Ligand SMILES: Nc1ncnc2c1ncn2[C@@H]1O[C@H](COP(=O)(O)OP(=O)(O)OP(=O)(O)O)[C@@H](O)[C@H]1O
């Protein structure tokens, strides 16, 4: 397939780059010959060069264009290892339970804790049920004929039974607490595990995912997910199953000791209670989803305003932010109230059903006592058992509602967990001990969306130890090249190679160990300066951290701070100056000692004095390593071996013709003649505020 491959010489239109071009010209302009181009690493291996042309006009810098038959490459990649239990497709109880169980199974204490907790549960329920049985005995003793009542033996036995009834209640309550103590670590560790694994998963997801998410909303999901998992575990293991077991015991006892009809009433009451709870709670689930959505939006808004505090204050937009937050809270409040109304209806209905059940049982046993077919003890037993079961029943209603909410909350968790990284990880590890890398970028085309191509066929190469400058107007795709080099995205076509390995075949860990970036805007952790520097290599010794700080010319500035290296840098490093932040980034890079160093306008925030100092640091850092410098300033790139421009894109370039070659030669000639004074890269239209092109020359704008 014949395609254009653009190799750009950017300097022709950059006035102050002229002296640099002179220094580069002997090496760089050699590329302008077809033969050297064929031999150039910029041309894909196996690709045939069919033609060559130069181009430059008002809108483009010099472009050396070759028609090549492009070579395609493929890469082997492996999936990121799954570290989470596979998230279920939906958040139903049947699918969620095995998931929660798998999460809990990671805790080695699961089996014994669960066994002990279940034994305690059975004993506590049994002793709880023993209370009403003891009361029945005591009542039956005490309700006998007066002469017998006052016999000392009877009295002693009745008192003993009453004491046992009270004790059984106390024992039941204590065992309950003990059971929670035994279980609590298990619930907490399951919640922690889901939190840790979710965060780990989120941090593995692509940049594209993070650009679409709001931090505030993510933190809410993270928080709810942990709570929900614990709730589900507790609800199922310690409420639903035990309550069902207890209910069965109660019904058996009632049928055996009181009457089958009473047991039937209790069962019917339970059935009505559960059915009503399920229906109302299902209706509440939809509003719960809406409540969650609005809560995420409101939290996201607040976090966004706080993160952008300075901008908010500078534009005096506090009221605007508060107003927007208030509007979201208002909607949240309204939807919450709808949910609360349903909740109140649920509570009231549950209480009514229980009361009707208790009244029916009491009325029936009361009539039977009056008729003499039942004893007072039977009535006390029936009452006691119903009270015994109504407590867990009420709790069960509450927990079921909580469970439904937890399931709704887990939907967001599962949606995130089922989001797979779009970039498949490779499995090849680069040699970590070499110093520089061989870099080879072959005709990459890329756009963040199909609607717009940002890079239209960029190629360049660097041998180990060489440096490349990438220049171009704002928005022309310089930082995008960095993102591709870090494999935050894959190119639409073409490929990037490090040490002759396609980036897609490399393990991301190895790639990111190989590369260090000194970014345009350094964002720091809200921790000490020491922590922020050591972040470049957390296992570094103190001496190494201080040494890196000295190499980055940061040490003296830190020493002058009252708290020195213990200085807290504030949210995103706001308490440090732009230059100090960039020096922290450079110190990190020194510490990391990368094979490939990328500086994305690393000195853009600095005055010329500080810039000179930092450039010296960068030069030392760059020694022996392969470097990519993105810069607007001449000072940053004048030491580079090659210069690449992203300024125009291939698809917008007309075919090479003689006129363009003439223009390019003119530009080169003017460049060599020392006419350009500024070091500002012209913008997309081929001009900057101070210069324009007239008669094939760049001249000061009038
Ligand atoms: N995540 C993204 N999604 C969509 N478009 C993006 C994204 N990131 C960057 N862009 C767009 O891609 C284009 C190139 O951006 P890039 O950051 O690479 O430019 P740049 O040359 O580094 O600019 P500058 O010199 O201003 O930093 C810009 O028009 C930008 O709006």
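Each residue, glycine too, has its Cβ placed from N, Cα and C.
What TrEMBL lists as compositional bias 'Polar residues' is 663-673.
TrEMBL lists 681-693 with the feature compositional bias 'Basic and acidic residues'.
Marked as domain 'ABC transmembrane type-1' by TrEMBL: 115-405.
Look at TrEMBL and you will find 439-673 tagged as domain 'ABC transporter'.
Per TrEMBL, region 'Disordered' is recorded for 649-702.
Same-chain residues lying 6+ beyond the ends of the transmembrane segment (114-135) with a Cβ under 8 Å from its Cβ atoms: 161-162, 164-166, 168-169, 171-176, 178-179, 182-183, 186, 237-238, 242, 245-246, 249-250, 253, 257, 377, 380-381, 383-385, 387-388. Residues or ranges marked as transmembrane segment in TrEMBL: 114-135 (among others).
Note on the transmembrane segment (155-175): residues 120-121, 123-125, 127-128, 130-132, 134-135, 137-138, 141-142, 149 of its chain, located 6 or more positions outside it, place their CB under 8 angstroms from a CB of the stretch. Here TrEMBL flags 155-175 (among others) as transmembrane segment.
Long-range contacts of the transmembrane segment (232-255) within its own chain (CB-CB distance under 8 A, at least 6 residues past either end) are made by residues 96-97, 100, 104, 114, 117, 121-122, 125-126, 128-129, 133, 179-180, 183, 186-187, 190, 262-263, 266-267, 270, 381-382, 385-386, 388-389, 392-393, 395-396, 399-400, 402-403, 406-407, 410. Residues or ranges marked as transmembrane segment by TrEMBL: 232-255 (among others).
The transmembrane segment annotation in TrEMBL covers 261-286 (among others). Here the transmembrane segment (261-286) has Cβ contacts under 8 Å with residues 247, 250-252, 254-255, 339, 342-343, 345-346, 349-350, 353-354, 356-358, 360-361, 364-365, 382, 385-386, 389, 393, 396-397, 400-401, 404-405, 407-408 of the same chain, all six or more residues outside its ends.
Sequence-remote contacts of a segment are chain residues at least 6 beyond its ends whose Cβ falls under 8 Å from one of its Cβ atoms, and for the transmembrane segment (344-367) they are 258-259, 261-262, 265-266, 268-270, 272-273, 276-277, 280-281, 284, 374, 378-379, 382-383, 386-387, 390, 393-394, 397, 401. According to TrEMBL, the feature transmembrane segment maps to 344-367 (among others).
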